[in-house]
Amino acid sequence: MLNHVKQYFTCDAKRAKDAALSLLPVIGWLKIYRLKEWLLSDIVSGVSTGLVAVLQGLAYCLLASLPPWYGLFSAFFPVISYFFLGTSRHISVGPFPVLCLMIGSVVTRLVPDEGPPTNITGFEGLTRDEQRVLVASSVTFLTGIMQLAMGLLQVGFVVMYLSDTLVSGFTTAAAIHILVSQLKFVLGLQVPGLSGPFSIIYTLEIIFNKITSTNVCDVVISLVIMVVVFIVKELNDRFKSKLPVPIPIETVIACGISYALDFKTRYGIDVVGHIPKGYEPPMAPNLHVFQETAVEAFPMAIVGFAVAFSVAKVYSVKHDYTIDGNQELIAFGVSNIFGATFRSFAASTALSRTAVQESTGGKTQIAGLLSAVIVMIVTLAIGFLLEPLPKSVLGAVVIVNLKGMLMQFREIPYLWRRDKPDCVVWLGTCIAAILLGLDLGLAAGLGVELLSVVLRTQLSVSDLTHLNLYFSFKSDLNFCFLNTSCRAIKESEDEGTMEELDQPTDFKDLPARIDWNAELPGNIIVPRVDLHSLILDFAAVSFLDISALKGLKTLIRVEVEVYIVACDPYILEKLHDCCFFDAEVQPSMFFLTLHDAMLHIQEKHPQLAEKKFDYEKVKTTIFIH
């Protein structure tokens, strides 16, 4: 025991280097940075992403019920921290609409639009906006502490408790909340911010009661902006292979409208208003706010990390590098703590902004750093150009960017045909989050999900464990290690758009090949193993859900022969119902027993009988997450 403790706390050059590379991933990819090949792409991507981040920062800040210019802080400070600590090279860190809405519900609960604020120490002598900024930064600081603690405790696995189905239903409900919250800006109405259960119904009631007071100019501007932005986004998507960079239509329209026309004086509409130059001094969080918001901060920490990690995982697979969930928690935790000190609010990633950063050629987080520089230039020098910008324009931009999340309603018939329990989880999470609010809705969705798992396990044909153990693809793999050559990985020719991430997975578009002999990333050391046959033992699998089907389909599409043994008839029926089989994946891959599969492999590869293996040196059982 003493030797073990001594070895654990011993520090040498190698351990110090490994620790530095682990805590500062920027060192790893900077060493392999291809200056001549990547720098220009990162510059173009950084400028494009920065232009989008400026307007999204202003627009999403309205969701948090804060003065718009604080959104520029959230598009700057977290990016700086993530540059050094994050493991993803492609996500664009900054405001995320769902998180902004969750922060807004806390802000309006403690500092309502009408009536006195909650009795909190530290509110004395502050204006309403200053009180709200204090609440938002304090809850962001607490969210960062929770994320940092989870990262240090190595509990990044918590994200697997949020299945794809639950996240889809939750984000769809969030999109409905965001849509309703922006109606007051689009219609030019004065509607107080509400929070808590059934707040969406009360908000709609107030809007309908005041509908006769609608500002026609706001409505016309919003409709025109939505139509133009939607058309240009579709053109960007359709001709993305021919355009060097996507047209930043939101920024172009915003600057043109705000600088050329004086809508506030002419039509009396609400505008962004004065944008102070520079940054405000650091501010300590309010401990009393910590006590009032601890319950809301935890779901913010989970949702912010889960969304960012899911998007980062997509691009890491596409560009063939690894990401570390625990390090991502540390990166976002530090980013939120650092940002909250300078009055920014909780950061994650926005799908549309990340898509811009990647599609415009971004190779590393240098693009993210340059986008922060663009935001800084606006904050320090040219923010005055956006001061006459109507808030209805920002509301219209927010609504147009909800397209991806709102289109997730198309998953309902897909899930109902393929997996009715998953459909119930989707609907239960979505309805609960719409009616009860995002925090209680997330808890209710987890409850429905747990109930679904328990019922399916209890009612399954073989009451054992299940393949998708809380939505992480786990199974014991019995390997048959054989000599073969493997082709290199092939990327899908149709990369698709970022919004397709929100749609049901089309199995034919999954990555098709894995090269087992390819060079591994520098921080991964695995013994070389030659193989051409892989046997999956399904004896302990009692049911599959949609998430497990996706994982299984991905696993099977490797350049080795995959066989499944001891599969329950219920599982086979489910695979047929979900159109799992195709020209490449056929039922002939199933065998009754492991012995039958081994005999088939030996018959198919007779040269194996002539070779002798040292099986004691081969690890034959592993877990796949």
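One is the number of the first residue shown, and numbering goes on along the chain from there.
Keep in mind that glycine also has a Cβ here, set from the backbone N, Cα and C atoms.
Features reported for this protein in TrEMBL:
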DOMAIN    534-601  domain 'STAS'
TRANSMEM  43-62  transmembrane segment
TRANSMEM  69-85  transmembrane segment
TRANSMEM  133-153  transmembrane segment
TRANSMEM  187-207  transmembrane segment
TRANSMEM  213-232  transmembrane segment
TRANSMEM  297-317  transmembrane segment
TRANSMEM  329-346  transmembrane segment
TRANSMEM  366-386  transmembrane segment
TRANSMEM  424-448  transmembrane segment
DSSP-derived helix, strand and coil totals, residue by residue, for the domain 'STAS' (534-601): 31 helix, 11 strand, 26 coil
Contact ranking winner - 187-207, 297-317, 329-346, 366-386, 424-448 against the transmembrane segment (43-62), Cβ under 8 Å: 366-386
Interface check, the transmembrane segment (187-207) with the transmembrane segment (424-448), three or more C-beta pairs under 8 A: yes
Highest-contact recorded stretch vs the transmembrane segment (133-153), from 213-232, 297-317, 329-346, 366-386, 424-448, CB pairs under 8 Å: 329-346
For the transmembrane segment (424-448), distant same-chain residues with Cβ under 8 A (at least six beyond the ends): 98, 101-102, 105, 161-163, 165-166, 168-170, 172-174, 176-177, 195-201, 295-296, 299, 302-303, 411-412, 415
Reported mean pLDDT - the domain 'STAS' (534-601): 82
